[in-house]
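> Below: one structure in structure tokens.
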Amino acid sequence: MSGQENVSSVYSGAGDTSDRQTIVVKLGTSVLTGGSKKIDRAHLVELVRQCAMLIRQGHRVIVVTSGAIAAGREHLNYPELATTIANKQMLAAVGQSRLIQEWESMFAIYGINIGQMLLTRADLDDRERYLNARDMLQALLANNIVPVVNENDAVATAEIKVGDNDNLSALVAILAEADKLLLLTDQPGLFTADPRSNPDAELIREVHTIDETLHKLAGGSVSGLGTGGMATKLQAADVARRAGIEVTIAAGSRPEVIQHLVDGKEAGTRFLPLESPLESRKRWILAGPPPAGNIIIDDGAAKAVVERHSSLLSKGITGVEGHFDRGSVARICNQKGKQLARGICRYSSKDLSAIAGRHSQDIQDILGYAHGAVAVHCDDLVVID
Ligand SMILES: Nc1ncnc2c1ncn2[C@@H]1O[C@H](COP(=O)(O)OP(=O)(O)O)[C@@H](O)[C@H]1O
Ligand SMILES: N[C@@H](CCC(=O)OP(=O)(O)O)C(=O)O
């Protein structure tokens, strides 16, 4: 039987597609190894079975898989290596091909094809490359192929890395315009403190706002397996929920965890999405390049941007930090340095500094050219609450 026939046999029984959801399932190294030094193949099969069940119900599933470095170590029989970037990349190169073979053979049990997507931050920073990646992802989904995504660790250097798969999965969820992002890990969710060192810590069940207090509860990874711990999961949840995506952190080892989370039965820590999700261009402002600098604005401009969702005019700018070109994404901050918004700048940092606090009629005289008094147009601006 060809792969295509296999796929249709799985999908022909698909349920009512009117309530089809696109679900990103992120599996941390901690889940894939079950806390050991090896990929736990028995558990991987079980997770694939759960994904296949969702697909049978008509949902679309994207897997974001960690574990390449762990798989590389295992395949090379745990070599004693210096902790250099080149050695890490080597482990990832060896491990990624092992890992993808595992995913492929396990999804094949259910007649489902997969497509490997290895991304770096550079694939998402540039709007054109971002749109290309989006088209590719949509093409896989439209053809009933499960995208299996990881960071391209073998080639990515620090400057072009997302750096952890929690943030990567949020970017992928935005790219796919997903409904849900499931961050599966070795803990039942986000606790009031790291439960490994604080046995009295309590599970937080539902989160409406992600603020500094919450960020302080989320620690790093101490197991030596994962990257980023709860801190990066919280960053990921923050980005995805702004794009209207519901995020849950839960234990990947719980029986039927994926199905239960989709049905709203499983506990975990659920982050409610913002009610009015952003349109595509604004999603990119969040998911795309890290801000290249800061634009400091006065209180009047802050009110206009945050409350009235107006464009940012040169008149309201009091300072510019960093060096960036026209078209870059920058943070828009108040006088205390608090980030209020992010947006695409119509002027470079140099020109913005020159026209800060000035009216539109002055701009031509100062710069010798003028694009108008709008420094960041409201269509290119995302308010961060
Ligand atoms: N507040 C917290 N609640 C739950 N876990 C926490 C918290 N702070 C830190 N952690 C740690 O985060 C770890 C999970 O993240 P990580 O090791 O990166 O796993 P993964 O491989 O699944 O991404 C847990 O094992 C736990 O020790
Ligand atoms: N890309 C790396 C995993 C990076 C990562 O974020 O790991 P984890 O915290 O276990 O999700 C790998 O495949 O080994």
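Any Cβ shown, glycine's included, is placed from N, Cα and C.
Look at TrEMBL and you will find LYS26, THR185, ASP186, THR227, GLY228, GLY229, MET230, ALA231, THR232, LYS233 tagged as ATP binding site. Annotated substrate binding site per TrEMBL: SER66, ASP153, ASN165, in sequence order. According to TrEMBL, the feature domain 'PUA' maps to 293-376.
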> Identify which of the following binding-site residues, namely LYS26, SER66, ASP153, ASN165, place a Cβ less than 6 Å away from any atom of ligand 2, and list them by sequence position.
SER66, ASP153, ASN165
> What are the sequence-distant neighbours of MET230 (ATP binding site), meaning same chain, six or more residues apart, C-beta distance under 8 angstroms?
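Residues satisfying the criterion: GLN187, LEU190, ASP194, LEU217, ALA218, GLY219, GLY220, ILE249.
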> Would you give the longest CA-CA distance, in whole angstrom, between residues of SER66, ASP153, ASN165, the set recorded as binding substrate?
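Between the outermost Cα atoms of SER66, ASP153, ASN165, the distance is 11 Å.
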> Compile a sequence-ordered list of residues in the same chain as LYS26 (ATP binding site), six or more apart from it, whose Cβ lies below 8 A from its Cβ; state 'none' when nothing qualifies.
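Within the chain, LYS26 (ATP binding site) has Cβ neighbours under 8 Å at VAL63, VAL64, SER66, ASN165, ASP166, SER169, LEU181, LEU182, LEU183, LEU184, ALA236.
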> What is the number of residues in the domain 'PUA' (293-376) that are helix, strand and coil, as DSSP sees it?
26 helix, 25 strand, 33 coil
> Could you check the binding-site residues ASP153, ASP186 and say which one's CB has the fewest neighbouring CB atoms inside 10 Å?
ASP186
> Below 8 Å Cβ to Cβ and six or more residues apart, same chain only. Which residues does that give for GLY228 (ATP binding site)?
GLY163, ASP164, ASP166, ASN167, GLY220, SER221
> Expressed to the nearest Å, what is the distance separating ASP186 (ATP binding site) and ASP153 (substrate binding site) at their Cα atoms?
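Answer for this pair: 22 Å between alpha carbons.
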> What is the number of other Cβ atoms found within 10 Å of the Cβ of THR232 (ATP binding site)?
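Result for THR232 (ATP binding site): 25 neighbouring Cβ atoms inside 10 Å.
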> Can you tell me which of ASP186, GLY228, THR232, our binding-site residues, come within under 6 Å of ligand 1 at the Cβ?
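Cβ < 6 Å from ligand 1, in sequence order: ASP186, GLY228.
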